[in-house]
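Quick notes on the structure that follows.
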Amino acid sequence: MKYTLRVGLALGTLAVGMFLYLKLDRELPSTGQNNKISEIAAEETISSENPVSPTSFAESGFNRFVTESSEEPRIQPVRIEQANGSRKVEVRKPTSPKPRFASLKDKHLAYLRDSEVLESKEGFDRDGNPTRATLVRANHKSFQNFIIRDTLSADKTEVKQSYVYIANHLLVQFKDTIADDDIREFEVKHGIKKSKNLLQENTYLFEYQDLGLAKQDRLEEETAIDPLVAYSTGNSLSYSTRVPNDTLYNTLWGLANNGQDPIGDTPFTPDMDIQADAAWENLTDCSNTIVAVLDTGIDPNHPDLKDNVLPGLSRDYSSANIDDFIDRQAHGTHVAGTIGALGDNQLGITGVCWKAQIIAVKVLGDEGFGTSEMIINGLTYVSQTNAKLMNLSLGGGPPSQLEVNAIATNTSAGKLLVIAAGNENNDNDLQPAYPASYEDPGIISVAALHGGGDLAVFSNFGQTSVDIAAPGQDIVSTIPTSLAPSPNEAYAPLSGTSMASPHVAGAVALFWSYAPDLTAQEVKAELLASSVTGNFSKAVNNSRSMDLNAFMDAVKAKATIQEVGDVIRPTRGSTFSLSLQTEEKYAPIQKIEIFHDEELIGESSGGATSIDIDVPLGFAEAEVFARVTDTQGRQFESQLIALDIDLNKDLTFGDVNALSLAGSASCKLVRVDGDGQEEVLYQASVSDKRSCQKLCDIVGPLVFSTKSEIQCSQGSTVIYQGKN
């Protein structure tokens, strides 16, 4: 809508200098007493002396594999202290080389390939690609037998893709509700036994005793064509999508990047972050948008998370104890901290949301991986809650129609899923990574950035399959207090698209709390439209990276004041017009306010077509800006416009006597019209020439016309005179 600002010029104080509007920044969250960041330790391996670590396969059969791997990094504490305006940084280098495994999935696959092989066979998939299936027995606390299904290169020398399944599991979804008698008949017919009911409607997990690749293949084929069955598939594994980290960055560069790496020598790009500090001017509280974190659980007792986690709604689908959602692996707590660690509490870090409501949905066990059955149960549970948003920092499994159905149940109800794109440095357009690559409009797939502004070397990418990138390398966040020397030291750095995804999830939660009336698709559209486009070395949707401040502004009504030229020789009460262009977004404009030098000088309701305002006269610029407020209370400020009120343009002044006059004399301002007659415009008794000149400066321009000559004098001394 277009408005006319009728600007009236009012008698005011002599203007000196420029009128400036300065917006004061909100105080940023404090991240530690006296700017001192506590010592942070991140142990990347486990040992007999330290049996549990933030990223270990805790309390599992993988202990043998991890402790025997001499190539796993051990990261020692790093301390950063702020003193006298400078930083003192002490770094103790890792005591072992960088890890050889790019991801947790790679680590697990290496472990399985080193385990006892029970059977192996080769074949071809439906597209004619060579395949290899391997049945292995592994020492694991939950499962013992696994099937590795590899897709090979044409010459069979390279593994192109790998998926892992639980060997004696079968997931079945029936077309309709099935009676107990029919299930027993189904069990006898196929030689299987029902193990549990999934939360997804008409879906069950079946198990069988006779191991063998032929048995598994036959069961999947036979059950798939059974007239009672809608879908049948193996029970595959998915993994947390972090990568091992060997350098501790004790700053939240993803939220505020000043261009400096305070610990190492990584070339950072200033402001290559999500612009959180500016966005927090709008809102810091995400409590209106419940976020479900489907991961390894969360530590609800962490001092930076305890007020933002909802224990009563949290669940564990990775074990038999539904209430045991406690994180013992660190991944889920780390993700939750990025989304919603408490802000401004004089402790540790802050999340994208300073206040939040987070549901822990444990679908990955303490080893860092979970089955398709666990993920389906977790997704189905979230569909039954009030959570509008999910974060899934996991992947690595094959496509599953049952997972597709569980996701669709959520997105059809207006929920969004933010999912990590994966850490294999793959093009997801060519080699999909699930669940991020499912074609559902409610999914936001996220790649990882490093502090220099490009994609991290490990990050998956894809021009059409990956939506956006966010900080994901060397991200410091919360870890379970049980894995730290003390609760106040329960922080560690991790890298991966797992760390990028919660930056986006936190941003969406903040935006959705600011604009709760928007639909999921509107939220996703504004996220992508407000993102920054760059030039990544790997393709991601036109190199889009997240800009939280622009994202928050996207929902607001807009206001733009048309630029104007000089206002030449105005007189008292004269008016001129400015054009104010406004744009309503998701709510009507309720109020328009015009400010001059932070002072409100005019306002109207949204339905007005003109606004009368007064600005002071003076020999300087008068700067104004507009603020629009919509019916939801969201505010947007226009650009600052300078009205160059040039009161004395084209006047030529005579010499000025700089000497003060003694005593009191009459100060007189006169105008000489075209007929030569003098008219006294102003007269007063003053003590010196300076006072007289000041009074003449104020009054003279108000009455000056193009046909006049003015003269200011004190007594018989002419202070100045001018002629057009």
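Cβ coordinates are placed from backbone N, Cα and C, and glycine is handled just like the others.
Curation plays no part in TrEMBL annotations; they are all automatic predictions.
Here is what TrEMBL says about this protein:
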| type | residues | note |
| --- | --- | --- |
| ACT_SITE | ASP295 | active site, charge relay system |
| ACT_SITE | HIS331 | active site, charge relay system |
| ACT_SITE | SER498 | active site, charge relay system |
| DOMAIN | 288-537 | domain 'Peptidase S8/S53' |
| TRANSMEM | 7-24 | transmembrane segment |
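Positions of TrEMBL features highlighted on the structure.
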{"residue": "ASP295", "record": "active site, charge relay system", "Cβ within 10 Å": "30"}
{"residue": "HIS331", "record": "active site, charge relay system", "Cβ within 10 Å": "30"}
{"residue": "SER498", "record": "active site, charge relay system", "Cβ within 10 Å": "33"}
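In the three-state DSSP scheme, ASP295 (active site, charge relay system) falls into the strand class.
Cα of HIS331 (active site, charge relay system) to Cα of ASP295 (active site, charge relay system): a distance of 7 Å. When the Cα atoms are compared, ASP295 (active site, charge relay system) and SER498 (active site, charge relay system) turn out to be 10 Å apart.
Confidence across the domain 'Peptidase S8/S53' (288-537), taken as the mean pLDDT and rounded to a whole number, stands at 91.
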